[in-house]
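Student: Please see the structure below; I have some questions.
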Amino acid sequence: MFPGEQAEDAIVADVANGHGKEAAARGGGAMGVEGGDHRGEEEEQHGGGKFTMKSLLWHGGSVWDAWFSCASNQVAQVLLTLPYSFSQLGMVSGVLLQVFYGLMGSWTAYLISVLYVEYRTRKERQGVSFKNHVIQWFEVLDGLLGPYWKAAGLIFNCTFLLFGTVIQLIACASNIYYINDRLDKRTWTYIFGACCATTVFIPSYHNYRVWSFLGLGMTTYTAWYLTIAAAVHGQVDGVTHSGPKKLVLYFTGATNILYTFGGHAITVEIMHAMWKPQKFKYIYLVATLYVFTLTLPSAAAMYWAFGDQLLNHSNAFSLLPRSRWRDAAVILMLIHQFITFGFACTPLYFVWEKAIGMHDTGSVLLRALARLPVVVPVWFLAIIFPFFGPINSAVGALLVSFTVYIIPALAHMLTYRSPSARLNAAEKPPSFLPSWSGMFVVNAFVVGWVLVVGFGLGGWASVANFVKQIDTFGLFAKCYQCPPRTHAPAGPPLTAPPHH
């Protein structure tokens, strides 16, 4: 049992009976106020034994809800670009880097969860209430390390999440094109931008219970469809597996995998939606282990079957023959990308609400209207840079490397640099690494590796590849990597010139 968890469990029971404040005092400063604006919802869950369909579908705050949120959000459209990364890296490097970055991502997610608990414990000892306020990563940095760290966290996190939502729109347009190519990808981006804007009506991660569950089911189906379809298809004639053969491609692929396991930029918001946030610590690791069962077989099977052809096909769907199974996978991924758009955009909604003074507004409609301006730049950027695949690597190198790897590791070292901070820490080092010195060494390794390999070499490679895409296809590309049209929308087959 984690430190303070017994006190926390007692507090939760008292909160349900209306005695949260007294229980917090008895608990010695452990987190007694449950999840800000979720207190009333938790009472509805646990108070009086009442059960409603709304509570089942809408009020998620359990460990399982957090696990589904982490696993569902971690492997969205990137599932379709990992075979492309394998063609750049080669099979051995592709597998090893997935395992390496998956474990590194789990470690820094753990650090973020520890810092959240530390920040919240300190604030609640001071009598601060988070009712109607969702704690975010930049606020944790501000409370523990000061305003400069707040600014760094705000800039990197918001920019990453902004481009994360852009990538979801690009992926939607790229996927639907393989079912219906009567419209070009840019037009589909307009359409899905309007559809994804409806996520403004989902108040917080507390309300993603059903969506998270469905989203993980959708990516599970898609991953195993890719695996089985590639195996059934077999290797194409004259298949070659020459990767890695260029440094720029190697580090581009490596950075895409860095991006794959950097989905914990929303860790703090997911924790805040939990009834017992202290139980989060190892959830991301368990989610990552499940994600390995999806990403490793699908990427390896696709690369085995198609080899170097993937170098020019960043979306894995493009190489598989059309069938009802592929169409089902495309549709499920479209729905999942809508969910992931909401996951990535919700922290941006919170930041915007706080900036304009609407964060504590009770009306869902008013908050939804206030959030709409956040969607506009996302929509616009997706139309300017529709480069499915290369944009993942660029975002991974320039933003993810700092947001979820370097900054959390540095913040943890600085927060616990003094003996008094270590002595009074709300969370002690984990059982598998019980030494503060050992944690410092691991954190220093993470910072050094990601700074040199992820940001340095990865940034050089991914930006070079991204510029190449712009030179080849131009900004506002109407139909990025579209195959030559071999039929018209109606009538007999005919041959048309390619889009580019």
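The backbone N, Cα and C atoms fix where each Cβ goes, glycine too.
I grabbed these lines from TrEMBL:
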REGION    22-48  region 'Disordered'
COMPBIAS  35-47  compositional bias 'Basic and acidic residues'
DOMAIN    59-452  domain 'Amino acid transporter transmembrane'
TRANSMEM  95-117  transmembrane segment
TRANSMEM  154-176  transmembrane segment
TRANSMEM  188-206  transmembrane segment
TRANSMEM  213-236  transmembrane segment
TRANSMEM  248-270  transmembrane segment
TRANSMEM  282-306  transmembrane segment
TRANSMEM  328-352  transmembrane segment
TRANSMEM  364-388  transmembrane segment
TRANSMEM  394-415  transmembrane segment
TRANSMEM  436-461  transmembrane segment
Student: At a threshold of under 8 Å on Cβ distances, which of 154-176, 213-236, 364-388 pairs most often with the transmembrane segment (328-352)?
Tutor: 154-176
Student: Return yes if the transmembrane segment (436-461) and the transmembrane segment (154-176) have at least 3 CB pairs under 8 Å (sequence gap of 6 or more), otherwise no.
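Tutor: Since fewer than 3 Cβ pairs under 8 Å link them, the transmembrane segment (436-461) and the transmembrane segment (154-176) do not come into contact.
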Student: Test of understanding: applying the rule of at least three C-beta pairs under 8 Å (pairs 6 or more apart in sequence), is the transmembrane segment (248-270) touching the transmembrane segment (394-415)?
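Tutor: Answer yes: the transmembrane segment (394-415) meets the transmembrane segment (248-270) with 3 or more Cβ pairs below 8 Å.
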Student: Considering only Cβ pairs within less than 8 angstroms, which of the stretches 95-117, 154-176, 248-270, 364-388 has the most against the transmembrane segment (188-206)?
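Tutor: Per the Cβ under 8 Å count, 364-388.
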Student: Top stretch among 95-117, 154-176, 248-270 for CB pairs under 8 A with the transmembrane segment (364-388)?
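Tutor: If we count Cβ pairs closer than 8 Å to the transmembrane segment (364-388), 154-176 scores highest.
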Student: For the transmembrane segment (248-270), could you work out the same-chain residues 6 or more beyond its ends whose Cβ comes under 8 Å from its Cβ atoms?
Tutor: 66, 69-70, 73-75, 78, 81-82, 84-89, 93-94, 97-98, 101-102, 104-106, 108-109, 112-113, 116, 134-137, 140, 157, 160-161, 164, 204-205, 280, 284, 288, 291, 295, 311, 343-344, 346-347, 350, 389-390, 392-397, 400-401, 403-405, 450, 453-454, 457-462, 464-465
